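Student: Got a structure for you, written out below as C-alpha cells; questions coming shortly.
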Amino acid sequence: MKYHLIYALISCFMLTFAACDDNIEDATSKHVYGEDESPYLKVNTNAVVTNNMEFAVGHFEPQTIQLSDYADKFEKNMNMTVDQVINGLKDGSVVFYNINTARNNWNKAEMTKGTTGWYYNSAGGVCSIDDPTRTVSMEIDTQAKTFIVDVNEKATVGTVLTFNAGFAVNGPDYDKYVRFTFNVSITDPSIILTSISIPTGDYASYGIDFNKYAATIQTCMGMSVADFLANLDYNGDSGEATGKNIRMHVINPSTGVWDETSTYTAESPGYWINNLGAVCNWGATGYSFYANTKNKDHALYVGRAPGLTAGSKYTISVGYKDSKNTNNFFRFIITATLE
C-alpha cells in the first residue's frame with residue numbers, strides 16, 4: 001500500500017513539473033501582434049532622430065528632410081539602405097506609422113495626407129484636412145526620398161507642437177525601426193524689439209543700424225541690407241522718389257495694425273509720430289518723435305520733438321513692407337527713453 005502511495009505522489013510531481021514547464025515556455029514566447037493591435041515601441045535611443053523646425057509666420061514655406069542624411073541610422077537599426085526602406089514601403093516589407101509616446105506604442109492611424117502622410121492638430125495628434133485645429137502636415141516624397149513638413153497658413157505665432165513617426169521592418173513586432181521626432185514651432189522673425197535712449201536736446205536722435213538686423217531683413221525681405229535700402233520708394237538722403245516698391249509705415253504699438261494710408265510727414269521716407277504712436281504732422285497736438293530712413297548711413301533715425309520731459313518713456317513701431325509682395329515685411333517695436 002505504501003509503495004503504491006509513493007508511486008502516485010511521484011507521478012503527480014512529474015505532471016506538475018511538466019505543466020510548469022509548458023507555462024514557462026508560453027510566458028517567455030514573444031507576442032505576435034495582430035492587424036488591429038498597436039505594437040509596443042521598444043526603447044532604443046540610438047534609433048531616434050530629432051528635428052527642430054521653425055516656421056516664420058507670414059513666410060510659411062514647406063521644409064524638407066533628406067532621408068539620406070540618416071543613412072547610418074537605417075543601416076544600424078534596420079539593416080537597410082534608404083533605397084531599401086523606400087522600396088520596402090511599396091512591397092510591404094517596411095511599415096511607416098505614427099508613434100504614440102504617451103502610451104509608448106505604434107499608432108496605426110490611416111493616412112490623412114495623401115498616401116504617405118498625415119495632418120496634425122495643434123496638440124500633435126493625427127487629424128483630417130477638415131479639422132479646424134489642423135496645424136501641420138507631414139508626408140514622404142518617395143521619389144526624392146524626403147520628408148515634407150508644411151504648416152497651415154492659419155497657424156498662429158507661439159504655436160509649439162511635437163509629433164513622432166517611424167519606419168520599421170514589418171514582422172511579428174516593430175523592434176527594428178528608425179523614429180523621427182518633429183518639434184515644430186511658429187515664430188515671428190518680422191518683429192525686432194529694441195530699446196533706445198535719445199540724447200537730450202531738441203530734435204536729437206538715435207540711429208538704429210540696419211546691419212545689426214541683416215539676418216532678419218534677409219529672412220523677411222529676401223534681400224541684403226544694401227538691396228533693401230536701394231528698393232525703398234524714396235531715397236532717404238536726397239528725399240527723391242525712386243519708383244521702387246518698399247515703403248515705410250507706422251504701426252499701432254498696441255494692436256499691431258499697419259497704417260498703410262498715411263503719406264510721409266517727415267523727411268521721406270519718414271514720419272512724425274505722436275505720443276500714442278500714430279502718424280501726425282509736425283506741431284500737431286502730442287507730436288513727440290520723428291522717424292526717418294537714411295540710405296547712406298544704413299540707419300533708421302528716431303528723434304525727439306522739442307520740449308519733452310527727460311526720463312519719459314514711449315513705445316513706437318515702424319516697419320517696412322514690399323507693396324508688390326506684401327508677404328515681405330518687418331517692423332521695429334521701439335521703447336524710447338528720453339535722456
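Glycine is no exception: its Cβ is also placed from the backbone N, Cα and C atoms.
For 1-18, the entry in TrEMBL reads signal peptide. The feature domain 'DUF4859' is assigned by TrEMBL to 214-321.
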Student: Grab the pLDDT values for the domain 'DUF4859' (214-321) and give me their mean, rounded.
Tutor: 96
Student: For the domain 'DUF4859' (214-321), give the DSSP counts of helix residues, strand residues and coil residues.
Tutor: 14 helix, 41 strand, 53 coil
